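*Asks:* Mind having a look at this structure? Questions to follow.
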Amino acid sequence: MKLSTFLGGVHPPENKHLSKDYPIKKAPLPEKVLVFMQQHAGSPAKSVVNKGDKVKTGQVIGEPTGFISSYVHSPVTGTVVDVKKVTNVIFGKAVEVVEIQREGEDEWELLPHGNYEDFSNEELVEIIKKAGIVGLGGAMFPTYVKLMPPKDKKIDYLVINGAECEPYLTIDHRMMLERQEDILIGIEIVKKILGIKNVAIGIEDNKMDVINLLQNKWKGKINVIPLKTKYPQGAEKQLIYATTGRKVPRGKLPMDVGVVVLNVSTLYAIKEAVIDGKPLVERGLTVTGEAVNKPGNWWVRIGTPISWVIENLGGGFKENVENVKVLMGGPMMGIPINNIDTPLVKGNNGITTLIPKEQKSTFCIRCSYCVNVCPMGLQPYLLDLLGKKKRYDEAVEIGLLDCIECGSCTYICPAKIEHVKTIKLAKKVYKALRGGKK
Amino acid sequence: MKLITGNAPHVRANDTTSKVMTDVIIALIPAIIGAWYFFGGYALFLILLGAVTGELFELFIMRVLRNDKSFTPNGSAAITGILLAMNVSSATPWWVFLIGLAFALGIAKHAFGGLGMNIFNPALAGRAFLLVSFPVAMTTWYKPVLSFTKWIDVQTSATPLAILKETGNVNVGYWDLFIGNRGGSIGETSVLLLLVGFIYLVIRKRIKIMIPISYISTVFVMSSVFYFVNPSFGTPLFHILSGGLMLGALFMATDMVTSPMTIKGQAIFGVGIGVMTLLIRYFAGYPEGVSLSILLMNAFVPLIDKYTMPRIFGEVES
């Protein structure tokens with residue numbers, strides 16, 4: 001079998017065996033949810049409920065405040081007990097949060113729905129927008145924006161991200177095994193909206209069961225492309241290159257080469273919104289890692305506190321665990337939380353618990369491993385050096401802003417230098433400085 | 001229980017600087033055993049002296065002179081010590097060798113900022129220092145003893161390159177050159193044993209493999225042309241097998257710290273060393289050019305790195 005891939009990349013231990021054989025189970029409803037008004041790229045939503053309000057499952061509780069912004073819905077039926085601002089590690093700033101006490105079972109407030117062919121394209125985009133669907137692979141970019149590209153950008157290809165290259169995570173794997181028919185409906189909806197025929201799905205070859213299944217079931221409809229198992233195979237630009245051979249130019253977007261990329265879970269959410277009228281209030285999630293008793297895959301409400309997830313779904317932390325890292329996402333790009341009651345957001349494809357090991361960084365020995373693994377063809381050691389010396393303009397010249405922050409350089413470094421940390425900081429500072437000048 | 005935060009990625013490769021250094025030392029073991037067999041117990045003594053004293057020197061420099069109390073040995077100084085020993089003749093007095101090692105670590109490495117910051121290969125800088133300070137000891141070559149029990153042979157013999165330079169003829173067969181039965185520096189003579197270590201490094205992905213490839217092929221092509229013009233320049237195979245070329249190509253030029261970061265840069269670096277080596281061998285007063293050409297190209301590494309930036313993914317192909 002010929003496997004598509006990209007240049008560079010690393011092979012961290014996969015550890016997918018912990019959870020990959022556990023079918024997705026529906027989680028019980030949590031007693032309390034905390035819903036962030038920012039669960040997406042762009043400007044945050046504004047809460048439209050007050051303390052004491054009764055809300056139904058699926059009811060809008062936050063409205064978008066700009067073009068790139070998204071609706072937020074109540075994940076349970078109950079009473080709003082608080083609307084407050086909380087500093088959150090995901091966004092690095094104080095974000096409005098709506099706290100809801102659940103009362104009884106779900107009473108749904110649904111969107112207009114039915115056979116997707118009966119809706120016009122504009123109506124379909126509106127439903128997807130009203131459903132609050134954002135990229136569920138982790139990027140959390142509002143999906144409806146991708147589905148209405150500017151007139152001058154001719155889209156002719158839908159690339160589906162089924163790579164799931166992050167170690168530990170298995171939810172996309174399970175989704176493709178268990179719910180591939182719903183995903184296919186999601187694909188048909190997107191094809192209709194974009195008016196395109198070409199669809200490719202890239203899946204890493206550590207999921208041969210899915211590849212075989214889909215190549216069989218989707219034969220003639222969708223190009224199922226086996227990818228080499230390598231991190232970051234699921235990064236947008238790398239995935240587009242591996243599946244279509246197209247290279248997104250520096251500083252450009254997938255739509256500049258006629259491509260829209262969507263994650264399998266996002267397509268599933270599109271189907272749920274259009275066919276069933278369900279806004280995005282729940283999603284699939286992998287609960288895994290060295291520090292929990294029962295790794296598995298779950299269908300969970302957004303806003304559920306992570307402490308509840310670990311206790312009730314992950315079987316609690318293992319005994320004798322003294323220090324633990326709890327990550328939203330996988331070990332390569334996941335965000336560590338500093339408060340165990342932090343709630344799930346739409347982009348959470350996994351909660352990974354790790355027992356941290358101490359790593360002392362030493363001097364760069366110029367081994368060139370970081371240069372060899374960089375999927376963007378950058379020189380991480382040099383960006384790190386320039387970043388530390390605050391020579392941002394030079395760093396930008398050699399590609400600071402092209403870094404996709406995958407962390408391969410830091411992963412591979414024998415001297416344990418945190419290149420990607422320096423690079424992220426340098427990017428932020430550079431953007432702030434440049435913004436200040438304008 | 002405590003929640004720990006920190007920066008992504010949260011998993012790291014199971015690799016450390018010390019592991020990289022250990023692999024290089026492992027790769028040198030075949031050639032070290034060969035050195036012992038060819039040049040006797042004294043050669044092995046110098047190599048072990050280099051490894052131990054190198055680490056002690058570095059520990060002293062870091063903890064006392066540079067006041068870094070948390071410094072722990074990582075093996076890089078031992079490599080410098082071993083390589084310096086492999087690059088001197090078995091006629092080198094131990095105290096002369098130690099002066100060279102002190103220069104290598106104290107000046108060539110730590111005066112430039114220590115591990116990762118030095119521009120010149122420390123072992124080769126040490127060798128160059130000894131060559132100008134103690135020219136007689138550094139250019140006296142003993143005959144191979146072919147024994148693990150003999151301490152040293154005091155019969156001198158010229159190296160094949162020196163013989164070629166003086167007479168225009170070669171007195172040694174390719175097989176002897178390949179296995180290492182000839183005069184020369186302690187660790188440079190056995191191409192076979194150096195290759196064994198090199199293969200280990202390649203398997204462990206510890207080597208910038210483009211450097212030996214471009215270096216050796218440059219020497220092959222250029223010496224073929226010269227041989228065609230005038231056979232007294234020596235055959236291509238002779239040039240590849242003789243002197244310190246293999247030691248230089250496989251273990252000195254490939255030193256991570258002092259070589260370029262990109263494949264393209266490594267190719268340019270190798271070609272540069274190849275051309276320089278032959279020019280020195282052919283036209284300079286000194287028969288061997290490997291170490292000097294590597295040192296010279298070391299100086300160009302920052303420039304090479306600057307002009308061989310890889311193309312960024314998605315950059316317009318021009």
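We number each residue from 1, going along the chain as drawn.
Cβ coordinates are placed from backbone N, Cα and C, and glycine is handled just like the others.
Caution: TrEMBL annotation is automatic and unverified by curators.
Relevant sequence annotations retrieved from TrEMBL are reproduced here:
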BINDING   A:C364, A:C367, A:C370, A:C413  [4Fe-4S] cluster 1 binding site
BINDING   A:C374, A:C403, A:C406, A:C409  [4Fe-4S] cluster 2 binding site
DOMAIN    A:354-384  domain '4Fe-4S ferredoxin-type'
DOMAIN    A:394-423  domain '4Fe-4S ferredoxin-type'
REGION    A:1-21  region 'Disordered'
*Asks:* Check each of the binding-site residues A:C364, A:C370, A:C403, A:C409 and report back the ones whose Cβ is under 8 Å from some Cβ of chain B.
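*Replies:* Going by the Cβ criterion (under 8 Å to chain B), the qualifying binding-site residues are A:C364.
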*Asks:* Where A:C406 ([4Fe-4S] cluster 2 binding site) and A:C370 ([4Fe-4S] cluster 1 binding site) are concerned, what is their Cα separation in Å, rounded?
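*Replies:* Cα-Cα distance, A:C406 ([4Fe-4S] cluster 2 binding site) to A:C370 ([4Fe-4S] cluster 1 binding site): 12 Å.
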*Asks:* By CA-CA distance, flag whichever of A:C364, A:C367, A:C413 among the binding-site residues is nearest to A:C374 ([4Fe-4S] cluster 2 binding site).
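*Replies:* Checked the binding-site residues A:C364, A:C367, A:C413; minimum Cα distance to A:C374 ([4Fe-4S] cluster 2 binding site) goes to A:C413.
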*Asks:* What is the separation, in Å, between the Cα atoms of A:C367 ([4Fe-4S] cluster 1 binding site) and A:C409 ([4Fe-4S] cluster 2 binding site)?
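*Replies:* Approximately 12 Å lies between the Cα of A:C367 ([4Fe-4S] cluster 1 binding site) and that of A:C409 ([4Fe-4S] cluster 2 binding site).
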*Asks:* Around the [4Fe-4S] cluster 1 site (A:C364, A:C367, A:C370, A:C413), what further same-chain residues have their C-beta within 8 angstroms of the site's C-beta centre?
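*Replies:* Other same-chain residues with Cβ inside the cutoff are A:I365, A:R366, A:S368, A:Y369, A:P380, A:Y381, A:C409, A:I412, A:P414, A:A415, A:I417, A:H419.
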*Asks:* Return only the integer: C-alpha distance in Å from A:C370 ([4Fe-4S] cluster 1 binding site) to A:C409 ([4Fe-4S] cluster 2 binding site).
*Replies:* 4
*Asks:* Considering every residue in the domain '4Fe-4S ferredoxin-type' (A:354-384), what is the mean pLDDT value?
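*Replies:* Result for the domain '4Fe-4S ferredoxin-type' (A:354-384): average pLDDT 92.
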*Asks:* Cβ under 8 Å, sequence separation of at least 6 from the ends of the domain '4Fe-4S ferredoxin-type' (A:354-384): give me the contacting residues as numbers and ranges.
*Replies:* 6-10, 232, 235, 237-238, 289-291, 321, 323-325, 327, 331, 395, 398-400, 402-404, 406, 408-420, 422-423, 426
*Asks:* Could you break down the residues of the domain '4Fe-4S ferredoxin-type' (A:354-384) into DSSP helix, strand and coil, giving a count for each?
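*Replies:* Final tally across the stretch: 10 helix, 1 strand, 20 coil.
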*Asks:* Would you kindly give the Cα-Cα distance separating A:C364 ([4Fe-4S] cluster 1 binding site) and A:C409 ([4Fe-4S] cluster 2 binding site), rounded to the nearest Å?
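*Replies:* Cα-Cα, rounded: 12 Å.
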